[in-house]
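Undergrad: Among the features that TrEMBL reports, transmembrane segment is placed at B:29-46, B:58-77, B:84-102, B:108-131, B:138-159, B:179-203, B:224-242, B:248-265, B:295-318, B:333-360.
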Amino acid sequence: MTAILEMREIGKTFPGVKALDNVNLVVQEGEIHAIVGENGAGKSTLMKVLSGVYPHGTYEGEIHFRGEERRFRDIADSEKLGIIIIHQELALVPLLSIAENIFLGNEPSRFGVVDRSEVFRRARDLLAKVGLDEAPTTLVTDIGVGKQQLVEIAKALAKEVRLLILDEPTAALNEKDSEALLRLLLEFKAQGITSILISHKLNEIEKVADAITVLRDGSTVETLDCRKAAISQDRIIQGMVGRSMANLYPERLPEIGPPVLEVKDWSVYHPLHPERQVSKNLNFEVRKGEIVGIAGLMGAGRTEFAMSLFGRAWGQKITGKVFLHGKEVDVSTINKAIAHGLAYVTEDRKSLGLLLNEDIRKNVTLANLKGVSKGGVIDDMGELKVASDYRAKLRIRCSDVYQESVNLSGGNQQKVVLSKWLFSGPEVLILDEPTRGIDVGAKYEIYTIIQALADQGKAVVVISSEMPELLGISDRIYVMNEGSFVGEFLAAEASQERIMRAIMQAQQGVAS
Amino acid sequence: MSSSLPLTDPGLQPSRSWKNYLKNNMRDYGMLLSLFAIMIFFQIVTDGTLLKPLNLTNLVLQNSYIVIMALGMLLVIVAGHIDLSVGSVAGFIGGLAAVMIVEWSVPPALAVLLCLVAGGLIGAAQGSFVAYFKIPSFIVTLAGMLVFKGLALALLHGQSVGPFPPTFQALSSGFIPDILQVGTLKVTSLAIGILAALAMVYVSFTSRLRQQQHHVETDPAGFFILKNALLFAVIVYFTYLLASYRGMPNVFIIMFVLIAIYAFVTSRMTVGRRIYALGGNEKAARLSGIRTERLTFLTFVNMGVLAALAGLVFAARLNTATPKAGLGFELDVIAACFIGGASAYGGVGTVMGAVIGAFIMGVMNNGMSILGIGIDYQQVIKGLVLLAAVFVDVYNKRK
């Protein structure tokens, strides 16, 4: 057995965050190598280093591929050597045909004129190889996600692939399509193609992987060899979560009161796919002074639930009841939701949370302009005072409140968004990934703010993909999987293993 | 600016030097200085014709309808849209007014009111396609441009309709009546100008005081005095020039009041703030409880009303409605906003910028005509000025 790929002591630093630190990965020729880790463990970053998205020189360490050290400048460089990556978000052009997509940027042509018969002949061969029974002329938009995934793979095969990297290939697929895709991987293996499979679905990994590398907090924990002995899912989970959690979270003694927000039988459908139910009859409550966490893997439907609750900002055919302090309320528009004391702090602060080209002051007052105006005229000095107060309270680091928010660091931007929602006077704060893309020091500050809010009697909901974070700050945790709550734990009884197990059991329940 | 700025307390900052201050506020004053530079340039090359009272009065009259429409266009552009139909709408409304007043003998005041309502309805129709049916404004208003150009032709049967009764003409070519007259000087007009200049100085002085009370960094004192003195002098001088001809045109008053209202609405009122938020980041604005669709709709209604007003002013000035009225106005109006620093991506732009942009275009039109430059090269030069202004803006931002 020879190693086709060796990544040695890879390190990658983003401003304020060490995303990868001393990662070692050895992939043998002809195997299916799985990479697992929690969200944010560094899997995608590692693959971006490998494929040249982050060019040589922007990371530390060495990449050896087929016996030589490689220094990729961009994706084209790595593709030339047959390293093909298929991203989680498919990169297909919806309004072009399958054949055109397969050869996009790689068209068989003579003097710039596309050889259409060659395109269709080769497309047909490739489609047969991946087992997709569709005409090459069919538009990509007209086929389902599962088939689109196969088109992506056919596209990779059109390029002389030696190492196929699949990032969460089955995340959006149903059970049948996932099965077919896994079978395809095994077939490729028989033909001698090496693959790297990144997946959260441990049962799939158990089925097909020859070796498993576990990442945690940007470092390799271990590489497990499945050829010697079968590796159990529990064993993998243990590797993924075993970390010390001392002192990352502030201490707090919660004082929990009566329920503030109760949601009953909440059901939401996807805005574009009306048959897809994204929240499935959810029942949920959060109490005064309580921090409730919602755990789940990416795509579990947590953000969708939160946004649908917040004035139906997401989804369609929304049904269910919302109670505040025991009384049913109408939160069918964002304005009504805000008026009833709901606030939703988005996971995507740059595109959904901030006015990037406006200053801190205007961002802080945006959700409650009435609070700084009389008869529609803004009291500019009052506004200044409000913004300055929040700047001091939340320790927003800036030259003054007239600084544009685009120039702030991630942590300070998050504090601006938090200020905005605090100034709207909420009783229930829903924080979606409140520490995403924020460095460790600022995270601690955000946790302190969240806890202070709960101590002031606000009801706080935290959605996070970082399980240690949820365990560190929540008083109670709901576990969500595919739009349903599949577990609920008090802080004392919650652990990463229990949460993971709840998710895995639910996924297998769905599978069988 | 870096993200690691030290924590400083507002009010404890050392006051910046003049040079620093000018550098930071170059964008604001740069436009005004460019306008003055262009005026001085044409004043010299036209041997002083540009600022002759007669010509200055004409300049104001010629540009009033562009300025009026630029106020509405600025809001549309800040909200992240565009309106290509304003020229055609203005022409159509001018025709409508002519048909109502001249052919149907509707009283001018009623006709004006009906025309403004019609403009609002046109804006509402286009706005609802843009806001509620999510059709790109470029396409909706391109369609509107064709529709209203055609309707104007149909309404006027391809002919000019006029003349208007004097009461209607007064909307544009009338001058405010003079009570006292000293020689040829229209004292009332001059007095209004001086009062307006005093009011402006007073407002900027009180707002400076308030800012200082709240420890907000203000302009350096010397600079503040110089700026206000200059502004005062310029306003008084221009009204003096107007007063020494026939006084202030009525439309000048209309324009001035509208500018003041829109400047206030955009900078100090919640609705203005919301329009900037909508254009800056529509999704974030929506999630902050702003009713983005209704707001978009209203900016188009507002644009329709102002386009109608501009159409009335233009028809009153020509004293006739022609099917070709309003042709190409949209280009001057849009150019005025972009020269004035509005961003094509939305969220950025000021009323004063758009007004100055409109006057830069107007002074150039007027000056080049006096110089006898043909309409052909006038267009070339105007196009290049637009490109250069936006280029400088984008280039400065990138630095």
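A Cβ is built for glycine as well, from the same backbone N, Cα and C atoms used for every other residue.
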Undergrad: If you count Cβ pairs under 8 Å, which stretch among B:58-77, B:84-102, B:108-131, B:333-360 touches the transmembrane segment (B:248-265) the most?
TA: B:58-77
Undergrad: With the transmembrane segment (B:58-77) as the reference, find which of B:84-102, B:108-131, B:138-159, B:295-318, B:333-360 contributes the most Cβ pairs under 8 Å.
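TA: Selected stretch: B:333-360, with the most Cβ pairs under 8 Å.
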Undergrad: Sort out the residues at least 6 away from either end of the transmembrane segment (B:295-318), same chain, that have Cβ-Cβ distances under 8 Å to it, and list them.
TA: 61, 64-66, 68-69, 71-73, 75-76, 79, 81, 83, 85-86, 89-95, 97-98, 112, 115-116, 118-124, 126-128, 130-132, 137, 162, 164, 168-173, 251, 254, 258, 271, 274-275, 278, 325-326, 329
Undergrad: Short question: most Cβ pairs under 8 Å with the transmembrane segment (B:138-159), which of B:29-46, B:84-102, B:108-131?
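TA: The stretch I would name here is B:84-102.
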Undergrad: Would you kindly list the residues that approach the transmembrane segment (B:29-46) from elsewhere in its chain, counting only those six or more residues past its ends and only Cβ-Cβ distances under 8 Å?
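TA: Apart from its flanks, the transmembrane segment (B:29-46) reaches 22, 339-341, 352-353, 356-357, 359-360, 363-364, 366-367, 370-371, 389.
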Undergrad: When you scan the chain for residues with a C-beta under 8 Å from the transmembrane segment (B:108-131), skipping those not six or more beyond its ends, what do you find?
TA: 81, 83, 85, 89, 92-93, 96-97, 100-101, 137, 140-141, 144, 148, 164-165, 167-168, 171, 293-294, 296-309, 311-312
